[in-house]
């Protein structure tokens, strides 16, 4: 992981992060991805089984519905 990327505790660095990753908001109600290019970019993503909540914290998907 390059030094310029400081991922949080529940995140990991990937070379190809999706431009419109799943999060609590788009899991609860469909929202189309409006970012057309590039397809992906390096960055931090939530670890497996977790998504970002409205505050930007990685939480389990079930927590999105609480």
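Heads up, the Cβ atoms here are built off N, Cα and C, so glycines get one too.
Features reported for this protein in Swiss-Prot:
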type     : residues : note
DISULFID : 7-44     : disulfide bond
DISULFID : 16-40    : disulfide bond
DISULFID : 20-33    : disulfide bond
DISULFID : 24-64    : disulfide bond
DISULFID : 46-58    : disulfide bond
DOMAIN   : 7-64     : domain 'TIL'
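Annotated features, which come from Swiss-Prot, shown on the structure.
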{"residue": "16", "record": "disulfide bond", "contacts (Cβ under 8 Å, 6+ apart)": "39, 40, 41, 42"}
{"residue": "20", "record": "disulfide bond", "contacts (Cβ under 8 Å, 6+ apart)": "26, 33, 34, 35"}
{"residue": "24", "record": "disulfide bond", "contacts (Cβ under 8 Å, 6+ apart)": "51, 52, 53, 54, 59, 63, 64"}
{"residue": "44", "record": "disulfide bond", "contacts (Cβ under 8 Å, 6+ apart)": "5, 6, 7, 8, 11, 12, 13, 14, 17"}
{"residue": "46", "record": "disulfide bond", "contacts (Cβ under 8 Å, 6+ apart)": "10, 11, 21, 52, 58"}
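The domain 'TIL' (7-64): residue composition by secondary structure is 9 helix, 22 strand, 27 coil, according to DSSP.
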